[in-house]
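Trainee: Below you will find the structure I want to go over with you.
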Amino acid sequence: MKYTAPLCALLASAALASDVHQLKKDDFKGFVEEHDLVLAEFFAPWCGHCKALAPEYETAATTLKEKDIALVKVDCTEEQELCQEYGVEGYPTLKVFRGVEDIKPYSGQRKSDAIISYMTKQSLPAVSDITKDTIEEFKTADKVVLVAYIAADDKASNESYTAVANSLRDTYLFGATNDAELAKAEGVELPGLVLYKSFDDGKDVFTEKFDKEAIESFAKVASTPLVGEVGPETYSGYMAAGIPLAYIFAETPEEREELSKDLKPLALKHKGAINFATIDAKAFGQHAGNLNLEVGKWPAFAIQRTDKNQKYPFDQTKKVTEKEVGAFVDDFVAGKVEPSVKSEPIPEKQEGPVAVVVAKNYEDLVINNDKDVLLEFYAPWCGHCKALAPKYEELAAMYSNDELSKLVTVAKVDATANDVPDEIQGFPTIKLFPAGKKDSPVDYSGSRTIEDLIQFIKENGSHKAEAVKPEEPEVAEEVKEKVEDLPEQAKAATDAAKEKAEDATESVKSAASEATDAAKEKAEEIHDEL
């Protein structure tokens, strides 16, 4: 089939048409001021996550255009000054603009439906007024919506509900009505609250005291599927839920669906106490090893206490059935199941300045003492961990004298071979456990230089201990004498000094590059993490 030149041009322009506006410094602020609500993506063309986001972002832009919500993007390799102005440190960075002064980070997932849902919530008031003419449409406006039925003169209930809506508006859609007849039609007494959802039984009715904490708890529990699915888009939510997560590993969608139905009564029985979710064993089977399950032996079941990162693997010689798993879960709830602990042997002797921590001595070396403990969680295969190792050894040596060793311990733990209380999502992860405040470790996010780590320990440790990095020996006079006495050595000394300066420059460049790579790797590991 042949096309005329004008038709080819028309087709090409149609293919290139985009509902995402690409902006530059000259037109960015003007565009933001002209629109009530804008989602901006700051990206780099070489960024893999930006490339993965692009089609999702385009789809969302097309849908949200109908709601007068604009999506824009800025190429930070071309608009460096603009990106620096808005504090862009990694790619992609997404920010929500309500004018040029009201700017908030986008905290939703990077899928089109999630972007649409999130920005739709941003476009609505914290609480939407619901009438008999709009309630049916509102019920299906998102996967989860909440509607309160409150009398107009019930000030306390209205204030409690509004407070919840303001704090959780990024997560849920909130509606309210004071129409008593509408409440009656929905089978609700005033004050009442219903969470409508597109899964399970379609809705949950709130039955507790009408206060902020109870409503927040209800929303969190009722909005979670009885048997959901663990994946890159849901993992962080399950980790943040604050209750144990029961994993159901299976290879095929059909098997996961069958097991989901079989174990659904258990999920209903323990609703609000344990979250149940299937997980694709083909795609994410290696995660079973993190739960102390044997990888490759499917189906499998395990429970993880997300608050303490404790693992309770189900006996893989038994079948995953409602009866067998049900007995295991009942014993878990009753406290009759001991957590499985993976640990390397305790070192017979601590060799070198860095203390080696394993699961079996974690409490003694990290928690049950009066020292500030700097702990690196590493993986043997991690390139950045290997690059950090010599500097970390040097750092530890600075705290190894009689005085400082009583106050500070610099330690490391192989987080792939030892169970640790914290869920580690990237390597290396460095935390400081201050004396007297071991339950509130401080995450380190600075550059991986000895000087910055020393400052971090001083500022965040309870003892405020400070190590001093040894200075290089003075050689200026010696070089000067050799230059005066031995002309031939002058050139050698000059060359050596030049080489040392070049080495120092390269070292600075390397440190900057390493910090950038580390930040990039950390972001990628977190976004790719299950």
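A Cβ is built for glycine as well, from the same backbone N, Cα and C atoms used for every other residue.
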Trainee: Choosing among Cys83, Cys382, which residue does TrEMBL name as bonded to Cys385 by a disulfide?
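Mentor: Its disulfide partner, as TrEMBL records it, is Cys382.
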Trainee: Among Cys50, Cys76, which cysteine is annotated in TrEMBL as forming a disulphide with Cys47?
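Mentor: Recorded partner, per TrEMBL: Cys50.
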Trainee: Taking every protein chain shown into account, which of the disulfide-bonded residues Cys47, Cys50, Cys382 has the largest tally of Cβ atoms within 10 Å of its Cβ?
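Mentor: Within the set of disulfide-bonded residues, the most crowded position is Cys50.
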Trainee: Between Cys47 (disulfide bond) and Cys382 (disulfide bond), how many Å separate their Cα atoms?
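Mentor: Roughly 21 Å, rounded to the nearest whole number.
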Trainee: Just to verify a number: CA distance, Cys382 (disulfide bond) to Cys50 (disulfide bond), in angstrom, no decimals.
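Mentor: If we compare the Cα positions of Cys382 (disulfide bond) and Cys50 (disulfide bond), the gap is 24 Å.
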Trainee: Expressed to the nearest Å, what is the distance separating Cys50 (disulfide bond) and Cys385 (disulfide bond) at their Cα atoms?
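Mentor: Here the two Cα atoms are 26 Å apart.
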